[in-house]
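*Asks:* Got a structure for you, written out below as structure tokens; questions coming shortly.
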């Protein structure tokens with residue numbers, strides 16, 4: 001395989017499709033519901049949170065079901081990608097040892113697979129919009145790809161860092177699980193950002209995940225694109241990707257011996 005072929009965009013795209021397809025088949029092998037789990041899982045969590053926060057705690061947020069799922073569904077994409085990335089290189093150890101290819105495609109394929117699951121949840125959002133007397137906006141046509149690309153960049157940056165470092169520090173899994181749980185509650189998914197006291201507003205200001213969630217929510221519920229939030233998402237994502245690829249390129253030569 002020539003160097004030119006290795007880094008040809010067409011080759012990389014085909015490789016990404018093949019690995020993503022393989023991961024999908026492995027995940028849903030012998031599964032009765034198959035891809036429906038990609039919708040059922042976040043929808044179940046949404047029902048639980050709706051019961052707790054709307055019916056028990058009586059949070060006063062209009063159209064709370066739509067509010068909840070427009071934050072929870074994109075969060076699920078990020079959280080699942082970040083968590084699964086920890087073992088993406090380990091799960092593909094045999095391919096890494098026996099085949100020469102750009103290994104950074106492996107965590108990227110995981111991000112894309114979870115992104116496909118997220119796309120499967122958009123019809124659910126549409127249904128609930130109609131239930132609450134709301135309608136999708138024409139701005140979705142360009143807004144969804146714009147924010148989705150930003151989330152891919154951001155999530156890939158996080159994933160390449162986690163997947164690389166986890167080969168050398170296996171305790172990282174526990175820290176990541178705790179970190180994701182902490183960030184879930186520090187991100188305005190279950191509550192509105194204006195419910196946070198002024199002295200804690202920095203939690204939103206310096207949290208790029210908040211920008212990501214609020215970007216999706218503004219688009220889905222209001223049909224608007226908040227370019228400030230989207231810019232933060234892209235800026236942070238590019239920084240994380242650059243840092244992640246730097247770590248990956250420095251350590252990738254030791255992958256075979258570690259695996």
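Easy rule for this one: first residue shown is 1, then count along the chain.
Note that Cβ sites are derived from N, Cα and C of the backbone, with glycine treated the same way.
What you are looking at is a predicted structure, and each value in this text was computed from that prediction instead of being measured.
Below are the features listed in Swiss-Prot for this protein:
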type     : residues : note
TRANSMEM : 33-53    : transmembrane segment
DOMAIN   : 33-251   : domain 'ABC transmembrane type-2'
TRANSMEM : 73-95    : transmembrane segment
TRANSMEM : 111-131  : transmembrane segment
TRANSMEM : 142-162  : transmembrane segment
TRANSMEM : 176-196  : transmembrane segment
TRANSMEM : 228-248  : transmembrane segment
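Where in this structure would I find these features, and how exposed are they?
*Replies:* Remote same-chain partners of the transmembrane segment (142-162), defined as residues 6 or more beyond its termini with a Cβ less than 8 Å from a stretch Cβ, comprise 74, 77-78, 81-82, 85-86, 88, 104, 107-108, 110-112, 114-115, 118, 122, 172, 176, 208, 212, 215-216, 219, 225, 230, 233-234, 236-245, 247-248.
Panel annotation: around the transmembrane segment (176-196), residues 49, 53, 59, 61, 67-68, 71-72, 75, 79, 82-83, 86, 162, 203-204, 207, 209-210, 213-214 of the same chain, lying at least six beyond its termini, place a Cβ under 8 Å from a Cβ of the stretch.
Here the transmembrane segment (228-248) has Cβ contacts under 8 Å with residues 103-104, 146-147, 150-151, 153-161, 164-165, 208, 211-212, 214-215, 218 of the same chain, all six or more residues outside its ends.
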